[in-house]
Amino acid sequence: MALFSVRKARECWRFIRALHKGPAATLAPQKESGERVFSGIQPTGILHLGNYLGAIESWVNLQEEYDTVIYSIVDLHSITVPQDPTVLQQSILDMTAVLLACGINPEKSILFQQSKVSEHTQLSWILTCMVRLPRLQHLHQWKAKAAKQKHDGTVGLLTYPVLQAADILCYKSTHVPVGEDQVQHMELVQDLARSFNQKYGEFFPLPKSILTSMKKVKSLRDPSSKMSKSDPDKLATVRITDSPEEIVQKFRKAVTDFTSEVTYEPDSRAGVSNMVAIHAAVSGLSVEEVVRSSAGLDTARYKLLVADAVIEKFAPIRKEIEKLKMDKDHLRKVLLVGSAKAKELASPVFEEVKKLVGIL
C-alpha cells in the first residue's frame with residue numbers, strides 16, 4: 001500500500017538499479033537507513049476500526065521500511081482531559097497489548113510509555129518558550145476540544161501540540177505517519193524546528209508527514225462524521241475487541257440509504273460507500289473489485305458480508321489481545337525495555353539542545 005510519493009520514487013529507483021545489476025539482483029524490501037519514524041497514540045479508549053485501518057496497519061508496515069521506528073503510548077497527552085488514575089494505569093497496559101497483538105514488534109520498533117522519558121517534557125518547555133500564544137489558539141483542534149470543556153479548556157490542552165512537537169523532535173525524527181486532522185499540527189512541528197534552527201544553528205531535521213492512503217472510516221450511524229472512540233452512540237463505532245455478535249449487530253444497524261444496489265459514490269451515497277471502503281480495506285481488494293464481487297446483493301445482505309470480513313480480520317487479533325492481557329508482567333517489561341531504548345536515543349539529543357540554549 002503506497003504511503004507517500006517519495007516512497008514510490010525510491011522503489012522505482014531501486015528497480016532501475018536492480019535492472020542494471022543484472023539477473024543476480026533482487027528486489028527485496030530495503031530499509032531506509034539514517035531516517036527515524038515517530039508516532040504516538042493515546043492509551044484512553046479502545047482502538048476502533050478507523051484507528052486500525054487509518055494508523056496501526058501503517059505502523060506495522062513501517063517497521064519493515066525504516067531502521068529506526070519509535071512508537072509511544074502518549075499518556076501525558078491523555079491527561080489534558082480528566083482521567084481516572086486507576087483506569088488510566090490499566091489503559092496503558094491494555095493499549096500495549098492491543099498494539100502487540102496488531103503486529104507492533106519490539107524487535108523491529110521501539111514501543112514505550114511517553115512519561116517514562118523525561119526529555120519529552122523538558123524539550124516541550126523549551127519549545128513552549130518559542131511559540132506565540134495566538135499560534136496555538138488558532139489551531140482547529142484547540143478550538144474544537146476547548147469548546148467541549150468547561151471554562152474554555154486547560155493550558156495543558158492548549159499546549160498539547162507543543163508537547164507533540166517535542167515528542168517528535170527529541171528523537172530528531174525525519175518522518176511522522178499522520179492523519180488528515182494532524183496536518184496542521186505537523187506544520188507547527190516543522191515551524192518550531194525551523195525557528196530553533198534559525199536561532200541556534202541547524203540542528204533539527206524538518207520532519208516529513210507520511211499520509212496514509214486510507215481515507216477516514218466513517219461512523220456507522222452518521223456517515224457524515226468520522227468513526228470515533230468517544231461517540232455516544234454505541235452502534236456507531238466498531239471496536240477491535242468487539243465480539244462477532246456485536247460486530248454483526250453494528251453493521252446490521254449501519255445507516256445506508258433507500259437504494260438497494262451496492263455502489264461506491266462517496267458524495268451521493270456516503271453510507272454504502274463507507275461499507276465498500278471498509279470491505280476493501282479489510283479484504284485487501286480494490287474498491288472496484290469489491291463493487292464487482294457484490295453485484296446482485298442488496299445493501300442489507302451486503303452489510304452482513306462486510307461484517308463477516310471485519311470479524312475474520314479481527315478474530316486473530318482479538319484472541320491475541322486476550323492472551324496478552326493475562327500477562328501484565330510481560331506488558332510492563334515491554335514498556336520498560338522500550339522506554340530505556342527511547343531514552344538512550346532522546347538523552348543525547350536533549351543534551352545538545354541544552355548546550356545550544358545555554359542551560360547546561
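Here the Cβ of each residue, glycine as well, is placed from N, Cα and C on the backbone.
The feature transit peptide is assigned by Swiss-Prot to 1-18.
Under the DSSP three-state reduction, GLN42 (ATP binding site) is assigned to coil, being neither helix nor strand. What Swiss-Prot lists as ATP binding site is GLN42, HIS48, LEU49, GLY50, ASN51, GLY179, GLU180, ASP181, VAL217, LYS226, MET227, SER228, LYS229, SER230, and the listing cites similarity to another entry.
When secondary structure is read from DSSP and collapsed to three states, ASP167 (L-tryptophan binding site) falls in the helix class. Annotation comment: Swiss-Prot describes ASP167 as L-tryptophan binding site.
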Please list, in sequence order, the residues in the chain of ASP167 (L-tryptophan binding site) that are at least six apart in sequence and whose C-beta is under 8 Å away from its C-beta.
PHE38, GLY40, SER72, VAL74, GLN114, HIS120
Nonlocal residues around GLU180 (ATP binding site), in sequence order (Cβ under 8 Å, 6 or more apart):
LEU211, LYS216
By Cβ count within 10 Å, point out the most packed of the binding-site residues listed: GLN42, ASN51.
ASN51
